[in-house]
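*Asks:* Shown below is the structure under consideration.
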Amino acid sequence: MADQRKAALDVAIRKIEKNFGKGSIMRMGDATDMKVASVSSGSLAIDKALGIGGYPRGRIVEIYGPESSGKTTVALHAVAEVQRQGGTAAYIDAENALDPQYAEALGVNIDDLLLSQPDSGEEGLEIADALISSGAVDLVIVDSVAALVPRAEIDGDMGDTHVGLQARLMSQALRKLSGEINKTKTIAIFINQIREKVGVMFGNPETTTGGRALKFYSTIRMEIRRAEQIKNGTDVIGNKAKVKIVKNKVAPPFKRCEVDIMYGEGISKTGELLDMAVENDLVDKSGAWYSYGSERIGQGRENAKKWLKEHPDSMNELMDKVRVANGMEPLNEKSTKETADDKASGKTGENKQETIEEASKE
């Protein structure tokens, strides 16, 4: 009986492959690489919270939160990281609010960035579809879902009601896009705004725009909220942002982290690197002094951050050590790798340079 079932299954598989092509169905054990490839978010803390070292390729990501919480900043850091690895990024600016100077300050090469400012939601999603289907774009960002206004609403009069029009538009678009996104291994990031549901007495009244479709199709949903101000004396120089991974299909969800978003600079990479290096015993903190290896790098957190910024080679080396210590692939072509013996013997600060393989990019 078991042999008959197996023979029937083999016949069915051959028939499917004949009708739809080789690889249309397979046993998961036959897959050459089942590991989900990822691209760094540009933030060590967020990469760790995501669980796989960055945003997964071929998947949909939703970033949402209140106004001025840092959603666009986080998305632009992803653009800079994709470009740093030699990839191509596209930005669909439905809000018409992208600041090129700020993007450049975050490390984005604006000369190579593909930018579209569509006149309607249909146009923006058609442009996204064309870019994704080309297979030549690594990252597409839609900023934002709330600004993808259906053409019927634009052509209508003020005050006209268009119930569920945007939700139907998003549902149709995502049905079409999800397959192409997976096939071309493109990362699609949708930035979204929050609204409040009327008449909710119990529970959270907040919801995101564009209906439920994006919630279902997203592999990762990331909530960003402003926590507190960062001050230098009396001057406000940035904000602390709390990031929560609300949904994650490729790693355990509900991880949280905090990032410093500095005005005109974006996410403070030196700050989060220093904090995580201390957590992993790669940087020694004794009182107010920070030491890396045999060298004292600064008294107080701000001075230690300044030292890292002034020594990019040491910063890149330390960043790769932190990534490896947290189970992530190193980013830089050359890095110091700490072996288990080194860690056990406390030699975490020695400068042993060794070449590592560049993170694979599918």
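Every residue gets a Cβ built from N, Cα and C, even glycine.
Dumping what Swiss-Prot says about this protein:
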BINDING   Gly65, Pro66, Glu67, Ser68, Ser69, Gly70, Lys71, Thr72  ATP binding site
REGION    323-362  region 'Disordered'
COMPBIAS  331-362  compositional bias 'Basic and acidic residues'
*Asks:* My understanding is the cutoff is Cβ-Cβ under 8 Å with a sequence separation of 6 or more in the same chain; which residues meet that for Ser68 (ATP binding site)?
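*Replies:* Those within reach of Ser68 (ATP binding site), by Cβ under 8 Å and sequence separation of 6 or more, are Arg226.
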*Asks:* Show which residues of the chain containing Thr72 (ATP binding site), separated from it by at least 6 in sequence, have their CB under 8 Å from its CB.
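*Replies:* Correct list: Ala97, Leu98, Asp143, Ile191.
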*Asks:* Which residues, same chain and not among Gly65, Pro66, Glu67, Ser68, Ser69, Gly70, Lys71, Thr72, have a CB within 8 angstroms of the centroid of the CB atoms at the recorded ATP site?
*Replies:* Ile224, Arg225, Arg226
*Asks:* So how many other Cβ atoms are close to Gly65 (ATP binding site), meaning within 10 Å of its Cβ?
*Replies:* 24
*Asks:* List, in sequence order, the same-chain residues at least six positions removed whose CB sits under 8 Å from that of Pro66 (ATP binding site)?
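*Replies:* Within the chain, Pro66 (ATP binding site) has Cβ neighbours under 8 Å at Ile194, Arg225, Arg226.
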*Asks:* Out of Glu67, Ser69, Gly70, Lys71, which of these binding-site residues shows the lowest number of other CB atoms within 10 Å of its CB?
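*Replies:* Each of the binding-site residues Glu67, Ser69, Gly70, Lys71 was scored; lowest Cβ tally within 10 Å is Glu67.
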